[in-house]
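TrEMBL annotations:
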type	residues	note
DOMAIN	A:69-120	domain 'NADH-Ubiquinone oxidoreductase (complex I) chain 5 N-terminal'
TRANSMEM	A:89-110	transmembrane segment
TRANSMEM	A:119-136	transmembrane segment
DOMAIN	A:136-415	domain 'NADH:quinone oxidoreductase/Mrp antiporter transmembrane'
TRANSMEM	A:142-162	transmembrane segment
TRANSMEM	A:174-198	transmembrane segment
TRANSMEM	A:210-228	transmembrane segment
TRANSMEM	A:249-270	transmembrane segment
TRANSMEM	A:282-304	transmembrane segment
TRANSMEM	A:374-393	transmembrane segment
TRANSMEM	A:413-431	transmembrane segment
TRANSMEM	A:470-487	transmembrane segment
TRANSMEM	A:518-542	transmembrane segment
TRANSMEM	A:624-642	transmembrane segment
Amino acid sequence: MGLVWLCLLFPLAGFAINALLGRSLPRRAHGIIATVAMLAAFAVAWIVLADLLSLPHEEQHRNLILYNWVPADGFNATFGAWLDPLSVLLLLIVTGVGFVIHLFAIGYMAEEEEGQRRFFAYLNLFVVAMLVLILANNFMLLLVGWGGVGFASFALISHYFFREEAADAAVKAFVINTLGDVGMMLGIFLIWVTYGAVDYETVFRNAGNAQTGTITAITLLLLVGALAKSGQVPLHTWLPDAMAGPTPVSALIHAATMVTAGVYLLVRAWPLYELAPATLTTIAWLGAFTALFGALIGLVQTNIKRVLAFSTMSQLGYMFLAAGVGAYSAAIFHLLTHAFFKALLFLAAGVVIHAIGGEEDLRRMGGLRDKVRIAWVAYGIGGLAIAGIPPFSGFFSKDEIIYSAFTSTRGNVVLGLIALLTGGITAFYVFRSFFLTFYRTPRYGIGHGGTEAEHGHGDGLHQPGLEMRIPLIVLSVLAIVGGWVLIPDAVHLFEDYLEPVFAYPAAFNAPVHAAGGATYWMIAIGAALLGAVGIGAAYYLYVLRPALAADLAGRFAGIHRTLFNRFYVDQLYDTIFVRPTRAFGRAFSGVFERGLNGLVNGAGYLVREASVTMREVQTGYVRNYALLILGGTVLLIAYVLFTAV
Amino acid sequence: MSGLPILSILIFLPIVGGIICLFLPGRTDDPAAARWLGLGASLLTLLIALLALIGFAPGTSGPVLEEQAPWIPQFGISYHLGADGLNILLIALTAILTPPAIIASWTALGGRPRLFIGLLLLLEGSIIGALSSLDLILYFVFWEAMLIPMYLLISTFGGARRGYAALKFFIYTSAGSLLMLLAMLYLSYAHSSREASAAPSFDLRDLIGTQLSVAEGRWLFLAFALAFAIKLPIFPLHSWLPDAYKQAPVTVLVLATMLVKVGAYSFLRFAIPLFPDAARDLMPILAALATVGIIYGGLVAAAQRDMIRLLAYSSLAHLGFIGLGIFALDARGVQGSLLQMVNHGVSSGALFLIAGMIAARVGTFDIDAHGGLARRWPVLTGTFVLAAFSSLGLPGLNGFVGEFLILLGAFRTQRVLACIATFGVLIAAIYVLRLFRRTMFGRERRPEANAQLVSGDLSGREIAALGPLLLLIVWIGVYPSPFLRRTEAAARDTVSAVTAPAPATTALTVGATALTATAESATR
Amino acid sequence: MAPLSYYFILSAVLFTIGTIGVLIRKNPLIMFMSIELMLNAANLSFASFARARNLLSGQVIAFFVIAVAAAEVVVGLAIIVSIFRSRQSVDVDDVSMLKG
């Protein structure tokens, strides 16, 4: 079990080598060092899993303490790992998916003139922070991982820092996530005040010893952090902009791992959430709303990475919905499959972008099916998975959520219908991007806008090398079979595996939804059919009758514009938060500061004016002084004479 | 080691070194001798300070390394020094920050190297003196003595409006201390006239527990608090700060961050133990002002165009956090504040140095005048990233631990204020990233070539100046417990002396405080 | 021996003459002499009291005053000479650098 520290150490060493010694290394070495570090961590993660599974079920939770981190008077936070099936599963996902994406990035970034060292160093650092987040054994340490991934995200979004939009996106992402951190900090303070500790063990064991109102406040404050990190409404605006980073970053951070941290937090802290029904309801509705909201916006976006970003938002909405209706294991199941198929979609998109010289606009793609065949296959598999077509992984995980939304005691028909409907929309917009990219006539022009990669040989297209193909193949396989670990009425591997997580503070028993039965299969088949309809509609509109799509967009121009501008949320925030803050700053700085300064200088001015008046007495003539002395003496004597007697 | 007067050495080594430096033979503008003398003296001081810090066992509560000698026995004034959990970190930090300041000013000595270095050393010595004095008059002497080298540094080596800024700094801060001196006299008089043992004394230990009426206590507390609040500074008494920082030579600011922290420390050392009742009653007001300072300083910082002014206002926000931790009267908050004093010295010190290094390369402090610098100077960028994110309190770096503990403590006792203050973290992210993004990111705007400017990435000397600070940033973030353990007992004692049940407070002495504290920890 | 009051009257007259001299004359040498006059008026009073009361302290103080006056003249004349050197004039109205 103690080996788990190696999982942290390897990427940390990779970061340190690249950051501190990297300058003397050749350009290719940076990526290899980082990738090897990830492979080592991934290998160790399996050993940790084996160790964990060798324990009896009811003992599958370990609190490994490395050292006392923040010992203060009456407060203590250790640096330690909380190992249970949940954290180890996430450990495997992060190191595993992280490894393949690192591998992919070697090829993707190979032609970058500068910044490779920085890129791979920060990528490793991100993994370290993400693992701290996952493994933390207390809320304060969780916050370290939480902030650390935010920082790594900032550093990687701003990889092309000389582009204004990348720099702005990085700052935006960090600031909004800091808002989430503020919520989490307050939540943690409240936890400490309520339970007298911040470590999971104490808090979860004593979860019930607090009033429902307090727990609701705690969970809502933690939720703020989760919403920000996972790009959920209303703190979602940073996620699409974050696509300004290199594509592997989008795949790793903004699809597979970091953004799922919010879901992880909700599930991690389930003993608290379970006691706060009001919060759960909020989560379920926010999740459902975000799922639909993201999917609708995704319908009309023209940047392939932004389409995927909104789909990430939407899929995370599903996970929030699942957590909100109490189907925690369904949320984690979807997290798992989503990590595979969304990373796959991003990497496939990356291959496309790479091939046509950095172009990300769907309107400037097309006809790439035979040019970059592997990307076509991979994107297709990812698309089928996200659309929930059996037997791809998304079918099992998404239907689990839709089923829970309908049938859970916390769910209801409206939530279920939103989830079901969103599934159809998802299939439509993902395949819209698929068809726009790979079908019909090419609309790309090689030779301009190639900032990410210079173009080269043959047909002018950049073919992916082996280091980019392997990740696609691995993730394609996983996107297909990844869902087979939980097939209702047949395979219960996943639920059995996670069961110790929800049995830990023995006082509670979270409702583990054993999906299955006729209702489940009815819903599942319905969802799959809806997905198929979505794909069909996309095919009709974007391959068979492209004119109709443009016509529809024109006919519903208002709706189209609203969706395209993402419901004007950014503009709204700009008006009600950003501008007033700036105005306050300027007003304080210009008016108030000057006023205060004026008061201080005014005091000095008064003194000076007084002395200017008084100095007239000083004539400089000796006789005047002598006269004053005389007068003073006379007065003094007079005083003595008339009072002392 | 125990036999040596460590604290006296720490105070007078730099002072004597500084005086020697001022009167070195040879040509006035020859920097070599002054540099090496200054570096040698400050490194020696650092070495001794670190030994003292290491020798200070975690958990120690009473003062150690005490020195006491009669000075003006007629008035009960003595030369009384001591180190405990409240000041040991700050003394060490002062010693840590001086060598980087000297190294960073290596080539920027304003043509009068002996004066510059000599004044820096005098500043260091007087700060350490103020930090370690346990006698009110001795403390006051050092407190005022700190102003002189700082005033001279600003007025001799400062920017265009140095005269104005130096005068404002000097008059503003010394005006505040006059009332404190009166309060000291009054307190000593009250002590010798009311207590059974009527010997006159200015010793802090004797004066703690002096019987005062409620009104007396409040007025005296306010007199002390005013002096400290101006120095700290607490909103709205801060208007000397931006001007003084802007006009001071930028390398001096590293030590200037310590100067202001003496104000914060003095609350813990003097104002709170001397007047516990008044402190308890009036702290909410101060805590509220500190909170206003956090938000206000942050918002104003976000509107600045000048790097130094931005950092000066960010200091106001940071010092607001430090103040809040103290005024919340919670042991966690006090520990956080003590740690945050170290953090602020380290992070802001590093940021001031970096700002100076950037300005040395592009010729201006205007953040809008240059962009895309990250491309040209990767090492500079790396150090800037670390210092900037430490300053905005990124979890995992030093600032987070301090701010977290401060807010945690405040959340227990001043919940509303803590909630407001936590948003200061968000505002910090806004202004720090604005600074970083405008200077380092974006399109590159090459300034005109100028032979006066430094070219190239950080030199070995600049890295040597920044290195220790960056190391501390990471170390305190990852492993703060050596620091926290050394402040724990002192923080607990200070707070419990104030919050202890009312009847006990009137007769409390340091010894009794320690007793109750141990009893408390035993029951816990 | 004349009554004590005579001495005081003389002392007062001398003092007044000295005072008026300091106030109205512009030549520093004359002013100095006036100051000497005032000092000696005071000395006269001291000596008279000492004699009348049969106490030594008054005489002692008179000696002190003489010593101080001598010292003062040394310093004062030095100042006057240096002013004369730099300005070629000893008119006190020309020397008004203390004017605020």
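In case you wondered, yes, glycine gets a Cβ from its N, Cα and C as well.
Source: prediction; values computed, not measured.
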CB contact flag for the transmembrane segment (A:518-542) and the transmembrane segment (A:413-431), at least three pairs under 8 A: yes
Of A:89-110, A:142-162, A:210-228, A:249-270, A:374-393, whichever stretch has the most CB pairs under 8 A to the transmembrane segment (A:282-304): A:210-228
Mean of pLDDT values spanning the domain 'NADH-Ubiquinone oxidoreductase (complex I) chain 5 N-terminal' (A:69-120): 90
Paired segments the transmembrane segment (A:89-110) and the transmembrane segment (A:142-162) in contact, 3+ CB pairs under 8 A: no
Top Cβ-contact partner of the transmembrane segment (A:249-270) among A:142-162, A:210-228, A:470-487 (pairs under 8 Å): A:142-162
The domain 'NADH-Ubiquinone oxidoreductase (complex I) chain 5 N-terminal' (A:69-120) - residue tally per DSSP class, helix then strand then coil: 29 helix, 13 strand, 10 coil
Contact set, same chain, for the transmembrane segment (A:374-393): CB under 8 Å, 6 or more residues outside the stretch: 311, 315, 337-338, 340-342, 344-345, 347-349, 351-352, 355, 368, 399, 423, 426-427, 430-431, 434, 437-438, 464, 469, 472, 475-476, 478-484, 524, 527-528, 531-532, 534-535
